[in-house]
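Before any comments, here is the structure.
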Amino acid sequence: MMNLSRRTLLTTGSAATLAYALGMAGSAQAATAVTARPGVPVTAAPPLRLASRNSVFTRSGAGPRYWNIYGYSFPHNAPIPENEWKANIDWLAGNFADFGYDIACTDGWIEGSSRTTGNGYITSYNDSWQHDWAYWANYLAARKMKLGVYYNPLWVHRAAVEDASKTVLGRPDVKIADLVVPGDFFARDIGGNQLYWLDVTKSGAKEYVQGYVRYFKDLGVPYLRIDFLSWYEDGRDANIGQVNAPHGRANYELALSWINEAAGEDMEVSLVMPHMFQDGSAELANGDLVRINADADKGGWDRLSGMRQNWQDAWPNWANPFCGFTGWSHRNGRGQLILDGDFMRASTFASDEERKTMMNLMVAAGSPLAIADTYQQIGNNAWVYTNKEVLQLNADGLVGKPLYRSATPFSKDPGSRDTERWAGQLPDGSWGVALFNRSDTETVTKTIDFAKDLGLATGGNVRDLWEHRNLGMDSRATAALAPHASAIFRVTPPKMHGTTRYPAAFAAWGGGAGFNNNHPGYDGNGFVDGLQAGSGSADPLVTFAVQVPHRAATPSGYRYANATDDNTTSKTTTKKANPEKADRSTVDGPVHVSFPGLATWDTWGVAAGTITLDAGLNLVTIGRGATDKGAINLNWIELDM
């Protein structure tokens with residue numbers, strides 16, 4: 001049988017607060033000073049319509065930490081033997097589980113798993129394995145870890161199709177063979193003949209897909225990696241060409257919606273190899289994680305930063321994670337998508353500085369932290385995965401963005417976003433800041449100016465997280481970086497009059513809202529526009545993660561511009577974010593906040609109000625609902641905590 005592994009198939013406020021905030025505006029961005037205007041709360045506001053899956057996983061911020069078999073299977077081009085799987089789990093439990101890497105996940109090379117349940121669901125990773133999924137889920141649980149599974153619920157194994165006794169779960173009248181079209185094999189045009197693609201138009205198809213997802217959930221699997229989605233949608237690979245029959249956009253969206261529904265709040269859905277057509281709308285609506293670059297492959301600097309730099313309208317849109325994270329950063333953030341930069345193979349890099357850059361990038365972008373080195377490969381490189389201060393950024397939910405220079409998409413203008421300078425705000429108001437040198441030859445100095453780039457006119461206390469050293473109060477984070485080197489800092493601004501400011505330019509954007517800087521007078525590097533009426537099925541919104549010590553009615557300020565004819569109203573919704581299903585309830589609202597009209601779009605004012613926040617982590621969403629009027633640009637929100 002031809003080995004069609006996933007890797008071989010791929011070729012390669014207060015008045016005082018307001019006065020302070022406006023007083024800090026630089027002369028180059030002078031704005032008309034406007035006195036604070038009270039917000040007018042109306043408790044009858046309907047909820048916002050969402051474009052995203054908005055699961056407990058994405059609302060929590062950054063991706064999970066786990067280990068994957070890829071470091072064994074890619075070099076061997078073979079499924080991992082069960083004894084090697086066990087040895088790596090034991091190594092993981094002894095060395096990394098205490099650092100939060102608590103999932104062991106399979107990967108490709110899956111065609112050799114042909115033993116199925118009576119409903120056609122595979123019972124183990126490979127036929128050569130003695131033990132089934134349940135055994136390994138229990139083995140991991142005994143070590144306070146969990147089982148992650150790589151499999152696509154749209155696959156139907158040939159062995160199940162050819163067994164007339166196999167029927168669809170809950171549909172004994174439908175045989176597994178009835179779910180496929182003869183010859184519609186995954187990778188058919190390049191030799192695939194073991195896995196069929198499911199025909200989602202067939203009776204029983206929905207039950208099969210959702211039964212597959214629930215089958216894994218019942219085994220205690222919290223994380224499902226679903227691969228080769230582009231090949232299902234249109235049957236094409238950007239490097240290979242036609243690989244199998246296309247199944248169409250409508251069927252693709254339908255299949256993803258079934259998976260989303262079945263996964264619910266109990267399973268994290270990782271979408272791998274999607275084309276991300278229509279700006280990733282289908283993936284946003286139905287997934288938690290989405291792959292944004294080519295496979296880790298042999299690892300090393302070339303896979304991290306080299307290879308193709310330009311965009312293509314097919315998976316992978318960008319080849320390396322620096323560009324992929326940057327290009328898709330408008331889709332990241334709480335309640336939106338977790339961008340997945342694929343696996344980390346520290347042992348494949350040429351220097352410790354490159355290894356730190358690998359880790360810094362994944363953490364800054366909010367990616368999952370997926371170790372793919374094995375116990376035999378790791379050598380003396382485990383340290384890069386276990387820096388507690390760096391990992392704390394991930395634990396706090398850091399999802400950074402590159403510095404934006406304009407609203408032009410990165411796919412159209414690679415100069416519109418800076419791949420080497422990243423920042424993201426944490427719920428307590430502190431920041432994670434990362435600087436990179438992607439040059440192969442030049443030592444360069446990289447800087448983020450806190451006032452100009454982040455809107456922090458007061459500066460902040462800077463701590464170097466690899467040096468474990470406080471650098472003191474400063475107006476910037478800066479580092480002289482050798483080729484391939486990087487630095488990552490935690491920046492803690494002082495609280496002024498008890499307030500904490502959250503810039504919209506570093507929040508999560510949805511429903512058509514996005515970055516802009518085409519009007520002067522804003523604080524920081526820009527603002528969010530698009531908070532206006534639209535023709536789509538989702539409302540534009542901005543979401544901020546906010547940490548408070550106790551439940552309280554919290555004075556709030558919203559710096560905005562509004563030159564429409566109407567007094568603009570925009571919903572403010574406060575939600576409690578917690579990775580527990582029962583804790584998804586609304587804390588306050590939705591309520592309306594009034595944004596009175598101003599002279600021009602270059603005039604900025606602050607609307608004042610009060611919202612209730614709960615103790616712990618809250619998600620505060622400002623959105624333009626269907627019953628609202630007018631439009632605003634939003635610069636920041638400020639909370640008196």
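Quick reminder: no glycine exception, Cβ is built from N, Cα and C everywhere.
The feature active site, nucleophile is assigned by Swiss-Prot to Asp227. DSSP assigns Asp227 (active site, nucleophile) to coil in the three-state reduction, outside any helix or strand.
For Asp288 (active site, proton donor), the number of other Cβ atoms no farther than 10 Å from its own Cβ, over all displayed protein chains, is 30. Per Swiss-Prot, the feature active site, proton donor maps to Asp288; the stated evidence is similarity to another entry.
Under the heading compositional bias 'Low complexity', Swiss-Prot lists 561-576.
The compositional bias 'Basic and acidic residues' annotation in Swiss-Prot covers 577-586.
The domain 'CBM6' feature in Swiss-Prot is assigned to 500-640; the stated evidence is sequence analysis.
The region 'Disordered' annotation in Swiss-Prot covers 556-588.
Among the features that Swiss-Prot reports, signal peptide is placed at 1-39.
On the backbone, the CA of Asp288 (active site, proton donor) and the CA of Asp227 (active site, nucleophile) stand 14 Å apart. Mean pLDDT, taken over the domain 'CBM6' (500-640), works out to 86 on the 0 to 100 scale. The number of other Cβ atoms within 10 Å of the Cβ belonging to Asp227 (active site, nucleophile), over all protein chains shown, comes to 21.
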